[in-house]
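Before any comments, here is the structure.
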Amino acid sequence: MAYSTFIIIVVTSTALATTQHESTFDFKKEQQNTDSKNMNLYGKINTSESTKPCNCVLTTCHCSGSGLQSIPDNLPTYITVLDLFTNSIELLPNKTFCVYPTLQILILEANQINRLNTESFVCLSKLIFLNLRNNSLEMTRGTYPRGVFKPLNSLLVLYINLGTKKSLDTYEYPDEALGDLTTLRVLHMDGISNKTFGEGFIAMKSLRTLSLSGFEGFCNLSILSRETFVNLSQLTKLNISSCHMKHTSLPKDIFLPLKKLMVLDIHNNYLIGLEKFTQVMSVLKESKSDLRALIATAVISRFSLGITVNSSLADVLPTNLTFLEARNNCFEYIDADVFAKLPRRLRYVEMGSNRFVFGDYVKKLILLKNLEILKLNGWNFLSNIPVNFPHLQAETLFFDENFPDNGVDEKEKLNLTFPLKLNTIDISTAGLKYILTELEVNSANNVENLILSNNYFPTLTGPFRGFNKLKYLEIRRVLVSEIRPAFFKYFPSLLTLNLEGNNLADLFEKNAHGNFSLFEDLSNLTSLDLSENQLRSLPRDMFKGLDNLEILNLQGNSMWNFTVSISHMRKLKLLNLSRSEITHFPLDIRHHIDTLSNTTAGVQVDLSLSPLRCDCENFEFLQWMVKSPAFDQSFSQYMCSDDNDTIKCIRDQYSETLRSLGKKCPEHGTLFSVVLAGTLCLLSFVLIGALYRFRWKLRYLYYMAYRNLNVRDNAQRLGNFRYDVFVSYASEEEGFVMSHVMRELCARGLTLCIHGRDFSVGDYIASNIVTAVHESRKTLVVLTQKFVASKWCNYELQMANMESVHTGRQVLVILIKESIPSRDLGTDLLYHIRSNTYKLYPQADEREEEAVFKGFWDKLAHDIKV
């Protein structure tokens, strides 16, 4: 595992140096990753605490900080990693490592080694990483004897920096010893003034990265010559940052021997000055340099006057440059023609910590067609009072005595146009002070990340239009106290919004009781950070519309309760309320958390460092919290507030607290349970009674609504009924209905609705019945024994009655065809007979009493028409 980790580091460190086609766009990220991985390689080992001198796991032995004065010889012989960081070792005797012939990584950083012996590293032919940093290995004759590194024929990375503590004329680069490292790719060493890298470096044919940085070691390159780097033509990456380089002793062709150089880091050499920097770059460009990455931060004194950058600077930048960092250089203005002359391949530009004023040059950004990341962020720093008068150079080439007009037409509407490949804009810590009012950018842009943090934007009014693909918006610590809802209206793709560390308490409190949904338009948002905003209360519907939210961070606020609605957040994975004043959750919040906990993804809730109330009223909440899978069951950094408002830390996962409350509060729990159960039972009975009491009306209204949604030809809407009468009868009476009722009533000009003939095929029976009743002037019930026994006949009778109640018109006409005992009719049917028009069907022979039947049908037809 150690070997594979190390190989990753080596590949990352030398990627730019070993392939001509490797882009330098991610140079800074790679550099940070490399540093991080190197620290992971031995930094984690360093912090290992053990009572034993060494702690060996598999093939790795950690012996850091053990007070060792010599190399231990009692470790497993097969180890591949040996960490001896921060001990008191002074000598490396000859062949001292021969007991560990399989070593691949050896860390001797921060010991007291002051010289090496010729055979100190004998037997280490498999070693690929050696760290001798921060010892007393000064670069004088005898410290690195000839042949000391010859056994290391597999070595790839070597650290010997921070061995030199001061500048002496007697110092020399140990090229005779280093010349044996023909496989070495990465070398970190100290930089010394007025010295040349000797001929031994020519033999180091694999060397690609050389770091002399004063940030990680000692570096003084105040005097350089044309021959300083003449023997390092194989380098592709050179780091000489913070090396006290001076414009007076820096030859303009200093880098000319570095024919393969692709990455140059000269930042924090503020005595170079812009004029000398331009001369050096000009020579590089003329030499057809393949430089891809240039870090030129702070190459001008921060005490310099403001500088206008004109095309002269752009002209000297190498043609293949893709990565440019030029922070903290007192730039104030950029001539409009500069962008047209910058390298066409630029993908990453970082120009923060300058003094830029607004001007028409921003309209020329569109010319950087390959730009993907633009950083104008800065840093906060305080300068010491200078010991000497600040070094001021006459930057006559770039400084205009009469500062130019910003070139902006006051009548021209501000509309920014970004390069189509621009992905990230970072303008954090840039000293900006604005009310963020309306802003429009080209809608075809591809900006996904916008960072505006650590400036001063007290009011966000907006809207910002054109950021259609923006996914990440960071407005941290800008002292914003007012946000208008329109500000977030045009961010359709936004996934992450960070508003941490602002002053939004009054904004949310004054809208706490209104319909205030600030983020309603951010329907795709997955992460929202409102931490450290001094929030005291939140509007209930504040997070309305955030159905896709997965992370809600509200830590570090002063909220006493959490009653905001989150039931719509079905994808919530993290609810962070740590360091708040919240004492418990209401039931609806708990139920939603329980629901989410039962899903595959689950949800995590953090209430650490919040004074949860530990009393009888909160007993049930504490029980729920301890059982809930949404909480870290170790309850690390959780607290309890008792009846006396005394706050204590929890050390036992609330077990003692719950035990104590269980003894103290049983009567409260029992009483509460009884009252709750009784209340629920009473409400259940009332609800069931109401449903039964209004069952027919509810069914009628339901099917009326269904009918209205599916209506086809509602003649009643035009003021007429579709039918004169809907005939309700048992199926056994169909013969009587068709041969008598339909014949007689049709003969008298009535239009009948007969279910066997007129009901719509495929529709619900109940819906057909409601439609027939509603579209007929009257409903004729042919009452027989079979009708009384039929469920659907009874349903037709009830729907006709509901139509009468709902519309206020008399609907029911009952034809009693045969004698039925009252006991068989039931209460409801008897009520309908007494309350509505009814007719008894004549029992005489129809042929004998023709006049009787004619009168009966005439009267029935008349009653239906009324």
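Cβ from N, Cα, C; glycine included.
Annotation source TrEMBL lists disulfide bond at Cys54-Cys61. For 721-864, the entry in TrEMBL reads domain 'TIR'. Per TrEMBL, signal peptide is recorded for 1-17. What TrEMBL records for 671-694 is transmembrane segment.
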The domain 'TIR' (721-864), counted residue by residue under DSSP: helix, strand, coil:
82 helix, 26 strand, 36 coil
Counting across all protein chains shown, how many other Cβ atoms sit within 10 Å of the Cβ of Cys54 (disulfide bond)?
20
Need one number: mean pLDDT over the domain 'TIR' (721-864).
82
Give me the count of other Cβ atoms within 10 A of the Cβ belonging to Cys61 (disulfide bond).
22
